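Annotation source Swiss-Prot lists ATP binding site at G170, D171, R172, K173, T174, G175, K176, T177, citing sequence analysis. According to Swiss-Prot, the site 'Required for activity' annotation covers S363.
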Amino acid sequence: MVAIRPDEISTIIRQQIESYNQEVQVSNVGTVLQVGDGTARIYGLQQAMSGELLEFEDGTVGIALNLEEDNVGAVLMGDGFGIKEGGTVKATGKIAQVPVGDALVGRVVDALGRPIDGKGEILASETRLVESPAPGIVARKSVCEPMQTGITAIDAMIPVGRGQRELIIGDRKTGKTAIAIDTIINQKSEDVICVYVAIGQKASTVAQVIDTLTQRGAMDYTVVVAANANDPATLQYIAPYTGASIAEYFMYKGKATLVIYDDLTKQAQAYRQLSLLMRRPPGREAYPGDVFYLHSRLLERAAKLSDALGGGSMTALPIIETQAGDVSAYIPTNVISITDGQIFLSTDLFNAGFRPAINAGISVSRVGSAAQTKAMKKVAGKLKLELAQFDELEAFAQFASDLDAATQAQLARGQRLRQILKQPQNFPLSVWEQVAVVYAGLNGYLDDIATDKVIDFCAGLREYLKTSKPRYVEIVSTEKQLNDEAEGLLKDGINEYKQAFK
């Protein structure tokens with residue numbers, strides 16, 4: 001047996017003491033007092049931050065929404081069926097973040113950026129905070145580039161610019177989503193990343209939208225964020241912010257982005273539900289006092305960045321659903337005051353067969369005219385006025401039996417102008433096509449064509465110009481201007497086709 005000397009024993013003990021490493025993990029832990037209706041009240045968590053992510057024993061994640069004197073009110077991002085009274089809750093020390101990057105393009109994700117399209121995991125390059133601050137005044141630049149929707153009525157009368165917030169408002173089933181989808185389809189050759197956020201919609205409706213985008217090849221540059229009607233209210237509340245964060249990544253990379261929020265009425269209702277369950281005092285229409293801030297902090301994130309920051313942009317098209325055309329309700333007035341204009345869709349026009357059913361009288365674009373293409377600005381300058389005068393005359397003509405020739409001519413022109421603004425769904429038009437039909441309508445070329453033949457004439461004219469006047473198409477498409485040469489070619493083309501049409 002080998003004898004161990006006493007000094008060796010002391011050396012071994014010293015080495016073991018020195019190599020001993022005691023890891024102390026300090027966790028901010030609380031106890032569940034009450035749980036139900038997608039919310040939980042937690043005792044403890046004295047150090048919790050507002051908006052901090054909390055982790056429950058069953059793996060459910062919540063957000064600390066109410067920080068009260070003796071408890072914390074949290075909203076759950078899951079059903080919470082596994083949470084029990086007395087269970088422990090751990091504060092993570094993190095604020096909600098979502099994965100962002102090129103890997104998300106062409107994918108369908110939930111409000112936390114997790115894939116729900118069955119195409120495997122998303123290997124995102126980085127993450128962004130769900131609630132990111134909006135760009136400041138110095139970081140912005142005034143809107144100066146057009147965001148072509150492909151819808152003649154909008155691009156001619158209510159132009160949208162890159163970095164603008166343009167509200168789409170109307171009753172249910174008036175074609176609000178159709179306008180948004182057409183705008184996404186029209187970005188195919190424009191190098192714009194699109195984000196479609198579906199809030200509180202039926203899963204079948206969202207599937208239909210994704211199917212349409214896939215068929216038209218639009219999913220190649222689109223991200224869909226879906227918080228369906230059966231998802232927890234918390235996910236419906238944060239889904240728009242997730243969409244904005246995904247778009248912001250591309251905006252700060254210098255790219256143009258387009259975000260559709262479909263629709264913010266459902267988000268406000270989800271937030272109202274959470275606030276009432278958290279026992280926050282209700283205000284007008286039972287919405288909480290900060291419901292204006294809910295939408296303003298979201299829509300202020302849309303911007304046209306200065307050249308120093310890369311000149312990227314985020315254009316927002318929020319959608320609001322009204323009840324019986326009441327635009328003076330709480331949420332519609334809030335969002336109208338935040339946005340840079342609104343496109344109002346009328347049920348009466350929709351039912352009368354005018355689609356898109358845009359009411360030009362109360363639809364405005366406050367900053368878009370600065371971004372309108374020169375060709376369209378030159379051609380469509382008096383279109384809105386002519387239509388407004390026609391609406392007044394039409395109402396007056398119902399009571400007058402004998403009208404003078406000038407009034408009859410104006411009524412006839414107005415009816416034809418309405419026809420040229422009709423457009424089938426998922427059929428966006430390029431700038432040169434829009435300029436041609438608006439020019440023909442406003443300059444009297446359609447006055448002697450029967451009203452029911454106007455749509456056929458316009459379709460034929462577009463085909464004729466494409467084949468017989470390629471120089472006109474080239475000038476307007478590349479220079480975005482209607483110079484003397486292009487105008488001459490357009491006049492010749494209209495007259496030539498008119499002879500053949502008759």
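Glycine is treated like the rest: Cβ placed from N, Cα and C.
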Long-range same-chain neighbours of T174 (ATP binding site), Cβ under 8 Å, sequence gap at least 6?
L345, S346, T347, F350, A357
Sort out the sequence-distant neighbours of S363 (site 'Required for activity') for me: same chain, 6+ apart, CB within less than 8 Å of its CB, listed by position.
M157, I158, G341, Q342, I343, F344
CB neighbours of R172 (ATP binding site) within 10 A?
11
What are the other residues, in sequence order, whose C-beta lies within 8 angstroms of the center of the C-beta atoms of G170, D171, R172, K173, T174, G175, K176, T177 at the ATP site?
E321, L345, T347, F350
Can you tell me the three-state DSSP label for D171 (ATP binding site)?
coil
If you count other Cβ atoms within 10 Å of each one's Cβ, which of the binding-site residues K173, K176 has the most?
K176
These are the binding-site residues: D171, T177. Which one scores highest on other Cβ atoms within 10 Å?
T177
So if I measure Cβ to Cβ from G170 (ATP binding site) and keep only same-chain residues at least 6 apart in sequence, which ones fall under 8 Å?
K176, E321, T322, G325, F344, L345, S346, T347, A357
Do any residues at least six apart in sequence from G175 (ATP binding site), in the same chain, have a Cβ closer than 8 Å to its Cβ, and if so which, in order?
L345, F350, R355, P356, A357, Q425
T177 (ATP binding site) - helix vs strand vs coil (DSSP):
helix
Tell me the coarse DSSP state (helix, strand, coil) of S363 (site 'Required for activity').
coil
